[in-house]
Amino acid sequence: AEGREDPELLVTVRGGRLRGLRLKAPGGPVSAFLGIPFEEPPVGPRRFLPPEPKRPWAGVLDATAFQSVCYQYVDTLYPGFEGTEMWNPNRELSEDCLYLNVWTPYPRPTSPTPVLVWIYGGGFYSGASSLDVYYGRFLVQAEGTVLVAMNYRVGAFGFTCLPGSREAPGNVGLLDQRLALQWVQENVAAFGGDPASVTLFGESAGAASVGLHLLSPPSRGLFHRAVLQSGAPNGPWATVGVGEARRRATLLARLVVCPPGGAGGNDTELVACLRTRPAQDLVDHEWRVLPQESIFRFSFVPVVDGDFLSDTPEALINAGDFQGLQVLVGVVKDEGTYFLVYGAPGFSKDNESFISRAQFLAGVRVGVPQASDLAAEAVVLHYTDWLHPEDPARLRDALSDVVGDHNVVCPVAQLAGRLAAQGARVYAYVFEHRASTLSWPLWMGVPHGYEIEFIFGLPLEPSLNYTEEERIFAQRLMRYWANFARTGDPNEPRDAKAPQWPPYTAGAQQYVSLNLRPLEVRRGLRAQACAFWNRFLPKLLSATDTLDEAERQWKAEFHRWSSYMVHWKNQFDHYSKQDRCSDL
């Protein structure tokens with residue numbers, strides 16, 4: 001059918017020509033351009049290295065099918081169970097995985113249209129833009145936006161870091177994301193998208209990624225608004241320091257017998273050896289580098305390297321100027337439950353998970369792995385219902401709150417308050433609807449990750465058997481998200497009768513509940529619990545110094561050192577641009 005090619009499905013980008021495909025959606029067709037390469041494959045000697053833009057290709061590239069998923073750990077906790085399998089890779093694994101997908105209305109928009117860019121979660125060790133739950137056709141058809149989603153390197157491939165080395169500088173998974181954002185700036189206009197109106201959105205580690213781009217100046221100019229769903233860059237799991245990053249990288253090397261001979265070689269030899277190891281070997285040993293038995297902790301994550309991140313996320317948030325930024329943030333009703341079945345004693349999806357007091361105490365140590373004895377005591381004190389200190393259902397729910405508050409709700413609340421206080425316009429939500437189709441048990445409530453299917457409009461697909469109310473609810477949510485992408489405000493511009501979603505401020509702390517009922521405005525995102533995590537616990541720790549003296553000094557030193565290094569780097573860059581450097 002060469003002569004009858006649909007011109008709507010042929011697009012020319014900087015790298016060359018693309019052929020997409022037309023897809024049916026409820027309400028009309030959309031165009032999809034799947035598996036567009038944006039980066040040279042990071043294979044062989046390029047493993048662990050920062051990305052290089054894709055070189056141009058000849059002819060018309062076929063962009064009609066998803067490409068490989070980045071090499072990653074595959075979850076085998078409950079084989080064949082829908083609740084875990086939906087997050088597992090749905091394409092073959094490969095290190096040659098740096099492709100992105102673009103969904104656009106059919107026919108293409110004639111005037112520049114706001115762009116939504118999705119960053120998937122998965123603890124920085126897993127995830128893919130091709131998962132069914134991120135299917136772009138419903139949102140694009142319903143709201144007429146352009147949607148882009150990239151793959152990025154995860155696990156050891158994306159986040160192995162030997163600080164100071166060129167061979168494994170760390171954070172290359174975030175640099176993959178940044179390169180995709182640069183690709184959007186250069187190419188999205190060809191799809192009808194507006195490069196001057198780009199909204200990043202992501203969930204969990206994807207939301208943490210969105211936040212890290214907010215805090216990294218070279219990324220900041222590549223987008224205009226941000227949505228953080230159930231994750232934040234200041235979460236205790238989202239970054240590590242350079243010392244811990246090096247410890248994990250060298251331990252991984254030891255586990256895969258690098259360098260052979262066992263003598264501690266230099267970084268260059270170590271990385272050269274790691275590059276010879278099959279991808280699966282690295283994945284197989286990935287989890288063994290964590291410092292403690294823990295849940296909601298991941299081995300290879302972004303590192304505070306003084307480059308992508310000039311300081312800790314918390315310090316950057318506190319120091320930042322966020323004038324003119326619009327942000328939408330939120331959490332689900334039961335952030336902690338999903339993680340408990342992955343290692344908290346006494347928990348399973350196949351029973352009520354009633355736990356004993358002893359299991360609760362042990363669970364706190366796994367759920368707050370870095371806590372001193374005293375800090376763990378404080379957590380137990382705060383979360384015990386002292387009228388019913390042995391009640392198994394209450395203890396189960398309390399441990400879920402510990403894990404959810406510590407890792408998601410309170411970091412998100414802290415971020416929202418700081419951004420609002422420093423000039424951003426912030427909208428906040430709690431997502432409270434448990435899908436009628438959910439396969440996880442009732443005690444898990446509305447688990448981490450289960451708002452996504454509604455934001456992407458899956459209930460519009462009749463074969464998925466959602467209810468009519470859920471279909472209407474999904475349409476409402478897509479409208480909020482798309483309004484936010486268009487204007488920076490989720491409210492309907494034309495409909496003053498609809499209940500209004502007010503901005504979140506540090507003082508009033510207003511947020512909305514998202515469920516099948518109309519919007520309801522509430523105040524305080526778990527304000528009491530978050531005062532414990534965000535105000536009291538840090539004081540307790542600095543007073544008792546489980547941050548032993550050495551670490552406290554190290555932290556103070558690091559602040560001095562990082563500002564000195566930034567100064568030195570500027571001086572050196574200035575010097576190296578002078579003539580005398582080139583003819584040595």
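Note: Cβ is positioned from N, Cα and C throughout, glycine not excepted.
Looking up Cys530 in Swiss-Prot gives a disulphide bond to a cysteine among Cys410, Cys581, identified as Cys410. Annotated pair Glu335 (active site, charge relay system) and Asn351 (N-linked glycosylation site), C-alpha to C-alpha distance, rounded: 19 Å. Candidates Cys97, Ser204, Cys258, Asn266, Cys410 (recorded positions) were compared with His448 (active site, charge relay system); those inside 10 Å Cα-Cα are Ser204. Among the listed disulfide-bonded residues, namely Cys70, Cys258, Cys273, Cys530, the Cβ with the most fellow Cβ atoms inside 10 Å is that of Cys70. You'll find the Cα of Ser204 (active site, acyl-ester intermediate) roughly 14 Å from the Cα of Cys410 (disulfide bond). The Cβ of Glu335 (active site, charge relay system) has 29 other Cβ atoms within 10 Å, all protein chains considered. In the three-state DSSP reading, Cys530 (disulfide bond) counts as helix.
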